[in-house]
Structures are given as structure tokens and as C-alpha cells.
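Asks: Here it is, the structure in full.
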Amino acid sequence: MIGLASPVSAQQATGTALARVLVLGTGGTIAGQASARAGNAYDSGKVSAANLIAAIPGIDKLAQMSAEQISSIGSQDMNDNVWFDLVKRIRAAIDNKEVDGVVITHGTDTMEETAFFLQNVLDTDVPIVLVGSMRPSTAIGADGPANLYEAMRVASAPESRGRGVLVVLNDTIHAARWVQKTNTTSVETFRSPDAGPVGYVDTGALRFLQPAVPAKGAKLKLPDAPPLPRVDIIYSHANMDAAEVEDAVRRGAKGIVLAGVGDGNSSKGAIDALAAAAKQGVVVVRSTRVGSGFVNRNVEVEDDKLGFAVSLDLNPQKARVLLELLIANGITEPSAVQQAFAR
């Protein structure tokens, strides 16, 4: 393990200017507001990014901050429009040399999807850090302030450059490709089962476990405007037939991700329906509903024969994001799709 320390006071101690960090608010629990401090019910996205920052003592010592609101929604409502707006603003800030880092406040439910989307369309070494919370800002024991403070430390640190899009919660730094939400309510919900975290936020220092290396992910062109092509996720289960796959094709899906059992498998009826869809030009990718592990080609399912690709380490929701982008870029041939998933 390599520990790369970045003390909080380093910039002040050397007399150098503080890093410039742009904070983009999208809503989520971190911006949630509850009617009772001890209750569980709350409304997402009620507190602006600027007000979240203003409520944290000492955060202004970490960076020169500016805050903008992109949306004010719960992340269950995250959509292509918000994604495109995020990319447009981030690219403008980087191209105009306005920032040294970007922090995005975001709900935890779809945070991994947004992070992975950004990983695949932004080609920059500027730190892009997503942060959220499991408790609303008004709750007793709210975790948002500490998470946002730590995200600011990561985004403003030179050691964070060139690591791709990062997710920071609960003192832990994760890479966009590997991170997953694994628990419905725990503050330790974010984990990277197949790779582990890339670092930690310790008292007084950032500790990255490895030197910066180019993050995995195909750099793909974003269309001029949303929406992205429709890709459906089909969840495999016992007693499954062809109906769900056939319905997806009828609804106009350009791609289908199978959240398969085990190593990305499904019933004979479902596999046959997916093979028929592939012959009609629908791009089919096998993933798994299991929470970790890799999906292997041509083991239980004859992928080459049936015209399927496999998601390898990507869970169904991330496989869907990548497949949307690939189809939008005209990459639909199974071998080319498979090559992109392996990047």
C-alpha cells in the first residue's frame, strides 16, 4: 500500500493560492430537509449547494469555492437532461481554466450511474468528485457536512489529478467504475466489491492507496442533445419466459442489458428471445444481478454464436449507461461493443 498524504494546511503553509473548486448541486438526500430532526421522512433537494457549503465551518479554508445549482431533484429522478447539463458546465469550466476541481452534490441512489457516465464522456485530469449523504441535512447525525468537507479536500488536492471521476463518502474514496451502493440506509453503503477503494480521507491527510493511473473507461462523444438511445434492463428470475424481452423490443429498446442469474445467465425462453432481438439489431449485453464478480464470455452461454456481449465487471446499471453511449456513437457490432466494455 502506498500512502500519498496531502495535509489540509499544505497550501496555507506554503503560501500558495487555494485551489479553485466549482460545486454543482443536483439535489438528493444531502440537500434534503426533514420536518422533524429525529424523523426518517424528508424531501430531497430542498437546500441549495451554496447553503450546504455555508453551513460547514472551516470549509472556506480548503479552497476558493463557487456554487451553482444544476437541478434540485432526488436522484431517483436523475435523467439525461441533468447529465448533459453537468457535462456542459464542467467542460466550460475546464476549457476556460476556471477551476482546479469540481464537486457534484448528488443523491446516493443513482450516484454510481452519474459518476460512470461522466467517467466515459469527460477526458480531463481535473478531479471530478461526487458526494452525497444517507441522512438529510437537517437530521440529527447528518453525514452530509463531513462528506462534503472531505469531497472538497479531495477535489482541491493535487494528488487527486488524473484519477478519473471519484465518489467520496464516509471517509472513503472510490473510483467511478467500481463503486456501488450496497445498503439501503447505512452510512457505509458505498463499496467497491471487486477492487476496493482507491483511498481514504484521514485526519489531516488524504491517503491514496496507489499512484495515479489513467482510469478505465471508454472516452465517448456525447450527442449534441438528449435523450440517449433507449436501453432497458431485464431482470432474470425463476419461472421467466420470453415476455419481458419481447416487450422491451416492442417498446423500442435499442439495447438490452440482462441482469442475469449467476454468471449472467437466464432461462431458455429469455435467452432465445434475446437471441431473436440481437438478430433484429438490438444490442444485447449480459450482466449479473449478483453484487460482485465478473461475467465470463462463452461459458454457460454461447455469446459468439448468439451475438451477445458481456459486461465483465460492470453491474447492470453501469452496463446500461455504457451501452447507451456506445449506441449513440454508432458502436453496435457485438465484438466492438465487447472491446469497449473491456477498456
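The chain as shown is numbered from 1 upward.
The backbone N, Cα and C atoms fix where each Cβ goes, glycine too.
OK, TrEMBL features for this one:
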ACT_SITE  T29  active site
ACT_SITE  T29  active site, O-isoaspartyl threonine intermediate
ACT_SITE  T108  active site
BINDING   S75, T108, D109  substrate binding site
DOMAIN    20-211  domain 'L-asparaginase N-terminal'
DOMAIN    230-341  domain 'Asparaginase/glutaminase C-terminal'
Asks: Do you know offhand how many angstrom separate T108 (active site) and T29 (active site) by C-alpha?
Replies: 7
Asks: Inside 8 A of the center formed by the CB atoms of S75, T108, D109, which other residues of the chain have their CB, for the recorded substrate site?
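Replies: Other same-chain residues with Cβ inside the cutoff are G28, T29, G74, Q76, M78, H106, G107, T110, M111, G132, K181.
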Asks: Using DSSP, how many residues in the domain 'Asparaginase/glutaminase C-terminal' (230-341) fall into helix, strand and coil?
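Replies: When I sort the residues of the domain 'Asparaginase/glutaminase C-terminal' (230-341) into the three classes, I find 45 helix, 21 strand, 46 coil.
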Asks: Would you mind pulling the DSSP three-state label for T29 (active site)?
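Replies: Reduced to three states, the DSSP call for T29 (active site) is helix.
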Asks: S75 (substrate binding site) to T29 (active site): how many Å between their Cα atoms?
Replies: 8
Asks: Write out the long-range same-chain contacts of T29 (active site), meaning residues 6 or more apart in sequence whose Cβ is under 8 Å from its Cβ.
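Replies: Within the chain, T29 (active site) has Cβ neighbours under 8 Å at Y42, S44, G74, G107, T108, G132, S133, M134, R135, P136, G144.
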Asks: So how many other Cβ atoms are close to S75 (substrate binding site), meaning within 10 Å of its Cβ?
Replies: 23
Asks: For T108 (active site), just give me the three-state DSSP call.
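Replies: Once the DSSP labels are grouped into three classes, T108 (active site) ends up as coil.
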Asks: Is it possible to get the count of other C-beta atoms within 10 angstroms of the C-beta of T108 (active site)?
Replies: 23
